[in-house]
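According to Swiss-Prot, the features are:
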- 31-51: transmembrane segment (TRANSMEM)
- 57-77: transmembrane segment (TRANSMEM)
- 124-144: transmembrane segment (TRANSMEM)
- 149-169: transmembrane segment (TRANSMEM)
- 184-204: transmembrane segment (TRANSMEM)
- 261-281: transmembrane segment (TRANSMEM)
- 295-315: transmembrane segment (TRANSMEM)
- 323-343: transmembrane segment (TRANSMEM)
- 354-374: transmembrane segment (TRANSMEM)
- 395-415: transmembrane segment (TRANSMEM)
- 418-438: transmembrane segment (TRANSMEM)
- 484-504: transmembrane segment (TRANSMEM)
Amino acid sequence: MIWHVQNENFILDSTRIFMKAFHLLLFDGSLIFPECILIFGLILLLMIDLTSDQKDIPWLYFISSTSLVMSITALLFRWREEPMISFSGNFQTNNFNEIFQFLILLCSTLCIPLSVEYIECTEMAITEFLLFVLTATLGGMFLCGANDLITIFVALECFSLCSYLLSGYTKKDVRSNEATMKYLLMGGASSSILVYGFSWLYGLSGGEIELQEIVNGLINTQMYNSPGISIALIFITVGIGFKLSLAPFHQWTPDVYEGSPTPVVAFLSVTSKVAALALATRIFDIPFYFSSNEWHLLLEILAILSMILGNLIAITQTSMKRMLAYSSIGQIGYVIIGIIVGDSNDGYASMITYMLFYISMNLGTFACIVLFGLRTGTDNIRDYAGLYTKDPFLALSLALCLLSLGGLPPLAGFFGKLYLFWCGWQAGLYFLVLIGLLTSVVSIYYYLKIIKLLMTGRNQEITPHVRNYRRSPLRSNNSIELSMIVCVIASTILGISMNPIIAIAQDSLF
């Protein structure tokens, strides 16, 4: 009899849980429609992989790309809708979050064509690669809209775990295994530090997990100026610093960039930063609203260290991917200026604008590196000498992307940095902007050094890799070259027509 009653209670509880989940999905599911498209794409990929043979491989790429494009379209149709909080306060939909989701989807859409030829040449498992990319994208999108500490952590780990698996995808490569181990250990440590900071917020706010409720809880408990908030701020800043590759938490970045497959590095170099920036803007702006002076100071120190160390160490590198790793550390130092300025002086708008330009510049550079690596098998900067004599199109494309990264006019990188530094100057961050200008000059030096190598025609400087360089048939590399052309064009002309981009970014601010 007792067993019968317990069984009935279990059935009733299960039914209630199911009905509540069904109610949430029915009424709140439309608010995560772009994410649902990606989930449907993931299911389709699994079904095709289980029921098809090698002849259906193009369908896998088609489904992945189509689901990403459809998700972008769904986001665009939802633009300028009223902000909504759904799933019992766990997820927030507004224009500011959707801008970051759009950037993550754009990165993934451009990265898949970069991977096609590389995967075929290295004989990597295609389905699993695409699954990890889409799942990481999904985690990044949920991270952009997460509105409570638990959802933030789950979405962050969804993205991070896929990143670890992607970095070690070429498991027969010793460097890839080493990169994965370092990435996993450092990433796990940073997540632990971040969660420890979250636990302080949870305790000080009286047991609240929603971001806005944490602020209310801190006011009610009179803990918003307590030493505990400073402890939480330090731990959360360190955790986010690892995710953003800010100095001095950047140690994992060069090894992961060098050891991971190049398309994976291209993907991680932009999506991880966009997702972490989406998290940083909300974490610092909402729960730490009363500690703005403290986190401004912390971020200023990290930005200065990143700009100086990243650009100075990049000069000494001999590997193209390691050079871009240190360059990315310097670049994120510039972006931090936008976070410090905030939405009062267009800081967030300048950050979003520069990240859009950075995506095109960085992915264009990596597209060139993928092509060169497939045709020569090397990543050494010295081996790029004389490339212009063999492949002028690739050499010019790489030169334009590097010049844009350096911030030379009239390319997009120049206008992006100009807007970012101008916002910083207007906000009174004079020292930070001066450091940014000086380190930008340093970065131009090592970018020009590579471009000089590309354009050299002296035989004694040309290595056997370029001397024996052979262009592959266009048909085999058209997807990589398509991504490269799109990124090069964007890196060249986006800055000239940046006013509409700035207007959209300003319109998204909460």
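For all residues, glycine too, the Cβ spot is worked out from N, Cα and C.
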Beyond the flanks of the transmembrane segment (31-51) by 6 or more, those residues with Cβ under 8 Å of it: 59-60, 63-64, 66-68, 70-72, 74-75, 78, 84, 86, 91, 93, 101, 105, 127, 130-131, 134-135, 137-138, 141-142, 145
Same-chain residue ranges lying at least 6 outside the transmembrane segment (484-504) that approach it to Cβ under 8 Å: 99, 110, 346, 349, 353, 356-357, 360-361, 363-364, 367-368, 371, 397, 400-401, 404, 410-416, 419
Contact ranking winner - 184-204, 323-343, 354-374, 418-438 against the transmembrane segment (149-169), Cβ under 8 Å: 184-204
Among 184-204, 261-281, 323-343, 418-438, stretch most in contact with the transmembrane segment (124-144) (C-beta, under 8 angstroms): 261-281
Residues from the same chain, set at least six apart from the ends of the transmembrane segment (354-374), whose C-beta lies under 8 A from its own: 103, 106-107, 110-111, 114, 117-118, 121, 262-263, 265-266, 269-270, 273-274, 277, 320-321, 324, 328, 331, 334-335, 338, 384, 387, 394, 397-398, 400-402, 404-405, 412-413, 415-417, 419-420, 472, 477, 480-481, 483-484, 486-488, 490-491, 494-495, 501
Same-chain residues near the transmembrane segment (184-204), Cβ under 8 Å, at least 6 residues beyond its ends: 149, 152-153, 156-157, 160, 163-164, 214, 217-218, 221, 223, 226, 228-229, 231-243, 249, 251-252, 287
